[in-house]
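Worksheet for the structure shown next.
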Amino acid sequence: MAMSLPHQIGAISGTQILAESGNVSSEPAAAATVKASALLRSPATNLRCAGQKQGAEMDRLSPSPPLSPRIGGMRPDLSVACQALMEAPAMAEAATEEVVREHKEGVAGAQVKGKGVPVYVMMPLDSVTMGNTVNRRKAMNASLQALKSAGVEGVMMDVWWGLVERDAPGAYNWGGYVELLEMAKKHGLKVQAVMSFHQCGGNVGDSCTIPLPKWAVEEIEKDPDLAYTDQWGRRNHEYLSLGCDTIPVLKGRAPIQCYADFMRAFRDKFKHLLGDTIVEIQVGMGPAGELRYPSYPEQNGTWKFPGIGAFQCYDKYMLSSLKAAAEAAGKPKWGSTGPTDAGHYNNWPEDTNFFRKEGGGWNGPYGEFFLTWYSQMLLDHGERILSSAKAIFENTGVKISVKVAGIHWHYGTRSHAPELTAGYYNTRFRDGYIPIAQMLARHGAIFNFTCVEMRDHEQPQDAQCAPEKLVRQVALATREAQVPLAGENALPRYDECAHKQILRASALNIDGNSEEEREMCAFTYLRMNPDLFQADNWRRFVAFVKKMKGGKDVNQCREQVEREAEHFVHVTQPFVQEAAVALTH
C-alpha cells in the first residue's frame, strides 16, 4: 500500500512525522538543547556560593603595592528539517526575491541605512565530519532550503584548521567544504566563513571535539609553553598562546605564518565564490574564535558562570614579553610574574585584593602597567592577523570581521574583573572597547559582538550583569571609530522576548533617536539545530527574519509582517514534494 507523503519522509528519516499536528518526534535532540526558559535567570538568584571561598591561600599580594559562549551546535535531525520544509511556503521563490540582496565587492559589511538588517544563521559545528565529508548531507540540504524560504540572507560556517590541515603542515584537505559551499550557492545563500584556528570542545555549547592539527599538537607536547597557561600551571589547548605568534615554533613556521598560509589556501581554493557566495571572512583570533584570552574555560569544571576568570600570561613566551615591558618601564620587579592576588576562576571581585573596589591593585600603578601590557598584547595579536587577512583577501569582494566576546557579568562593578582577565581593559574609569574598534577600523574590519539578545533583568543581579549596557557601550565605541557593528546571540533563544531585544539592539538607537540612520550591518542567529525547526520556534523565527529585514519601518507594518509569517508557516505545497524527492536520493 502506498504511503502518504508524511509517512514517506518519516520512513526516510527514521522518525515519525505527525501530519495533522505538525509535531515531529525528536525528543532526544530536543532534550539536549537548552531551552529559553532555562536561560531566563531570576534577579533573586544568588550564585555567590559557587567557589567563593576557594583559593584564599593563594590570594597573595601583587609584586608591587598595589567571562559568549556559544551553546548549541547540534546537527539538524533529518526529520526535523523535513518538518521545517513542510511548513515552508509554496510562494517561496517570489518571497525570497524580495529579501535577497546581492552582495558584490564588499557590500556584505556595509551598513545600508534604514534598510533593515540581514540575518544569517550559524551552521552546526560539525557540519563537516572528521572524515572531511558533509555531515548528514540530506538533512543539511533540506535545512538550507528551509532557511532560504524564510528569507534568511545566508549562513555562517566554521572552517576548522584542525580538519583542513590536520595531517601535515601545508597539506590542505577541503573535502566537505567544497560540497557545503556549493550547496549554499545552489540555494542562493550567502556565506560568512570563519577561519577557525581554535579547538572545538571546552566552551559552552561545543557539541563535538575538533582538536588543533595533529602536527601542532605534537609541537605543544614537546613545548607545553606554546599553550596558554595560568598562574597554577594549567595549560589551555584551545588556541596557541599569542606570546609565540612570531616565533617559528610550528615545524619551522610561526603561528601567524600558519594562519596566513591557511587563509591564502582558502582564498585560492574558493576564489570563484569570493564576493558572490562567500561575502565575509571572520578571522578567528582566540578561543571560540573570539579576540580574547581563554580566561573562563568551562572544560573539566575549571570555570563556572559568573566567576571572574584568571589571567593567562604564565607561559614562558608571555612572561618573556612581560619582563621586557617591565624593564622598559623602569620597574624590573614587575616583570617576574602577573598579579598573584587576583583570586581564582570562580571568585568574585570583592573576594580578591586585586579586583576589589576600594584599594584594589587594578587601580594602582602596578595594575595600570600590567593591564596595559596584557590588553596591548591582545591588540597586537589582532593587528598582526588582520594585516595578513586584509592583504590576502584584498580585491576579492569579501569583508573581514572579528568577533569580540560579550562579557557582561560583574559589568556593574568598578574593576570589570571578567573583562580584564579576558584582555579587555575596560573599567568604570576606562573604555576598553574604543581601542579594539579603532584597531578594526584601521583595517576596514567589522566589529562582531555577542550577547545582543540579553536583557539586564534576566541575568543574576547580585553578579551585577548588564548585557544591555555593555552592548550600548560597544555601539558607542564603534560609532566613534566609524566601524560597522554586527551582532550575534550568545545563547540559543527562540522566544519573542529575545527576538524583540535583538530587534531593539540592532536598530542602534543609542541616544533614543529613531531617526539616526545607522543599524547593525548584519545579525547572525545561533544556531541551525532541531529546536529551530520546531513548529512554534520556526513560526517565530520566520516573523523575526521579516521584521529584521523591515528595518526601522517595521513598527508601521508589524501586523502585516505577522500575517505574512503565519502564511509562510502554514503553506506546504509544492515545496514539500520537491524536498521529499531530494531526500530519497
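One is the number of the first residue shown, and numbering goes on along the chain from there.
Every residue gets a Cβ built from N, Cα and C, even glycine.
Just so you know, TrEMBL annotations are computer predictions that nobody has curated.
Note that this is a predicted model, so its numbers are computed, not measured.
Here TrEMBL gives region 'Disordered' for one range in the set 51-72, 337-358: that range is 51-72. Among the binding-site residues listed here, namely Asp158, His408, Arg527, Asp158 has its C-alpha nearest to that of Glu290 (active site, proton donor). For Asp158 (substrate binding site) paired with Glu488 (active site, proton acceptor), the C-alpha to C-alpha distance reads 15 Å. The Cβ of Asn489 (substrate binding site) lies under 8 Å from the Cβ of Thr450, Cys451, Val452, Glu453, Ala498, Ile502, Tyr525, Leu526, each of these being in the same chain and 6 or more residues away along the sequence. Rounded to a whole number, the C-alpha distance linking His408 (substrate binding site) with Glu488 (active site, proton acceptor) is 14 angstrom.
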